[in-house]
Amino acid sequence: MVKAISSNLGYPRLGEKREWKRALEKFWNGAISEEELLAETKALRLHALKKQQEKGIDLIPVGDFSFYDQVLDTSVTFGIIPKRFQHDGGKVSLNTYFDIARGKSDAVASEMTKWFNTNYHYIVPELADADPKVLDNRALYYYEEAKKELGIEGKPVLVGPVTYLKLGKGNDAENFEALLDKFIPAYVEILKELERAGAKWVQIDEPYLATSFDKSEIKLFEKVYQAFQTAVPNLKIELQTYFESLDYYEEVVNLPVAAIGIDFVHDHGDSLEALKAHGFPEDKYLAAGVIDGRNVWRSDLDAKLSLLTEIADYVTDGKLIVQPSNSLLHVPVTKLSEPDLDEVILGGLSFADQKLDEIAILTKALTDGAESVTAELEDARAAVTALNESSHRNNLEVQEAIANLGNVRVDRELPFAERIKLQHAWLNLPLFPTTTIGSFPQSPEVRKTRADWLKGNITDAEYNAFIEKETARWIKIQEELDIDVLVHGEFERTDMVEYFGQKLAGFQATKFGWVQSYGSRAVRPPLIYGDVAFTEEITVKESVYAQSLTKRPVKGMLTAPVTIINWSFVRDDVPESVVANQVGLALRKEVEALERNGIKVIQVDEPALREGLPLKQARWEKYLNDAVYSFKLTTASVQNDTQIHTHMCYSDFDDIIDTISALDADVISIETSRSHGEIISTFEEVTYDKEIGLGVYDIHSPRVPTVTEIQDNIRRALRAIDAKQFWINPDCGLKTRKEPETIAALQDMIKATKEVRAEYQVLEK
């Protein structure tokens, strides 16, 4: 037997029924005061801590809570506030905090981008002229709160300095170490205050260590953690890595810290191999992330116990910590909120609370022997076996189709240069055609009507009539705005992935399986539990109805395979590429159905392509090849004059531009303005031969852009892209915006377009 310690790395903020989201939005809308917001969120925070305490977790994280984002929290802790928000130098107010994230009328929001290869977004620190000072030791506040209110000796959580700075802007390589030197004393101040308050452990997250970087950068970590060790020698620092294995295992495990946290789930087996090859320091704790913190499937506890037993051979007794692979921020709170799910599927699930149970079971099995948890191990064994062997997971027809993929065409009949002429001939669009990305605002009335329908309070006919009425209203609005290529608005959809999951075999929706995407925005990823198959037309009815209302082209709107995969909880018993190809074959039938019914512009969105890239560049090629294949599997069977669009967002594209071209979409639209136009520089350096729309205003902020701002974005883009290739559109879908600001922004977009179009037409003459 091995004496082990149980730990957690972070807990979902949303609450079991999204109470956190509702509290934030009530505050933003002026429905509650700041004091009421603080009271509501404190109650949620303490409830989460108490739950972990009751489940027997030894090291409970504190300070993982946030009002928006943990990286933004780090920025305001150290006073890294962009000048445009006119911060006075004191503690950052809650209003200023939210302004940085959401923008205000006279100051654009800070950039937002994906947290490594997840669907969580962080607010990018703006580090130019950074002069860090501790303005607000949030970690200390949350540590003392947990101790006072619940008697919990918590483990404060900080974003590590190297990772924080690497995630920022204005951190040029030449001056990076000098910038880091400015932050070390500020971090030391935080740690000293925690030590004085009685903290025994601090978790410092450095996921940058799990990426690919030059070995010379290890010296940055040596400098930081030596400074910390010297300043707070009695504080046990857990240096936490996750999402991948460590390229420089030997160097990392010998850094001057008390514990090293390693991901044994998303590491492709590399972590165990490194442990066997190089051993582990006798004086350190090894925090083994063995429970998957990014997926929702129940663990094979026999296999996990075997893995932990193997790991324990290399760790000093009493220094093995059992924990999830990463923060549980990325999974829903509890499966107990899903009593209506199929029994076999429910049995095979493990949300955040159940993962804590799994950690407690494994810790007890190690410490007291497997016989002490015989019933728990047998229950897990039976549940996993039942799901794997069930008809839910095994569709022989789908498996046969996958086996015969070699007979399926995955290239368009004509090359782009030839088919685009056929598309131009019938579309007859003006220079700089305008469109939107797909969704329009889902008003309280839309959400209430859908909720009433789902509860059975209104009939299918009443619901469909409402959707048609809303669609018709927005078709008319688009025509009045003079948009060139229209969309139906997606009023029937809650989410661009969940909706497809409700229509395809092999998927299962949840009621309360919500996870945070950005700010108060929560998504409810579907469960891909089995083989995926097309069973019915998904989008045809709404698209055909919208097209019947106008002579302008209306885009069919689908979500592409890789995004469906990345924004779902995917079965873990087969390779993801197999699931992506199953989705591709199913969507191919939907694309063909749209085309048969007269929809000749079809958008297949792949916004999550970039975010899903493996953290190790050595694994990129296979991922990208698989992504291109599944996309072309979806789209390649259409006629030459059918125009395929795709959309991507929140991404750096300079290193995957060849992949984007290989998708062979006729038109691609890309988020641009939230990254403050940086993507345009990519197109200044490469020749892109297909048509492209670079988003000309940020939809993630309620702020309405000016005509001048939009024109500046258009003109900047036109320095890099041929005018005849260029489309004009917002950054992303408009579902989360309010109607007045949406219409005002689109009016400005169309006005800006027409003025620039007129300038170019004069130049052409």
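Including glycine, each Cβ sits where the backbone N, Cα and C put it.
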### Query
Of E389, E490, E492, which does Swiss-Prot put in the L-homocysteine site with I437, G438, S439, D605?
E490
### Query
Of the candidates W567, W620, which does Swiss-Prot annotate as part of the 5-methyltetrahydropteroyltri-L-glutamate site that also includes R18, E19, W20, K21, K114, E611?
W567
### Query
So of all those binding-site residues, I437, D605, C649, which one's Cα sits nearest to W20 (5-methyltetrahydropteroyltri-L-glutamate binding site)?
C649
### Message
Helix, strand or coil for I437 (L-homocysteine binding site)? Use DSSP.
### Response
coil
### W567 (5-methyltetrahydropteroyltri-L-glutamate binding site) in three-state DSSP notation
coil
### Task
Taking the Cβ of E611 (5-methyltetrahydropteroyltri-L-glutamate binding site) as the centre, count every other Cβ atom within 10 Å, in any protein chain shown.
23
### Spatial neighbours of R18 (5-methyltetrahydropteroyltri-L-glutamate binding site) that are distant in sequence (at least 6 apart) but have CB under 8 A
F512, W514, A522
### Message
Taking only same-chain residues 6+ apart in sequence, whose CB is under 8 Å from that of C649 (Zn(2+) binding site), what do you get?
### Response
P607, I670, E671, G695, D731, C732
### Chain-mates of I437, G438, S439, E490, D605 with C-beta within 8 Å of site centroid, L-methionine
T436, V487, M496, M557, Q603, H647, C732, G733, K735
### Task
Could you round the CA separation between K114 (5-methyltetrahydropteroyltri-L-glutamate binding site) and H700 (active site, proton donor) to a whole angstrom and send it over?
14
### Query
If you draw a 10 Å sphere on the Cβ of W567 (5-methyltetrahydropteroyltri-L-glutamate binding site), how many other Cβ atoms land inside?
25
### Message
Helix, strand or coil by DSSP: which one applies to D605 (L-homocysteine binding site)?
### Response
strand
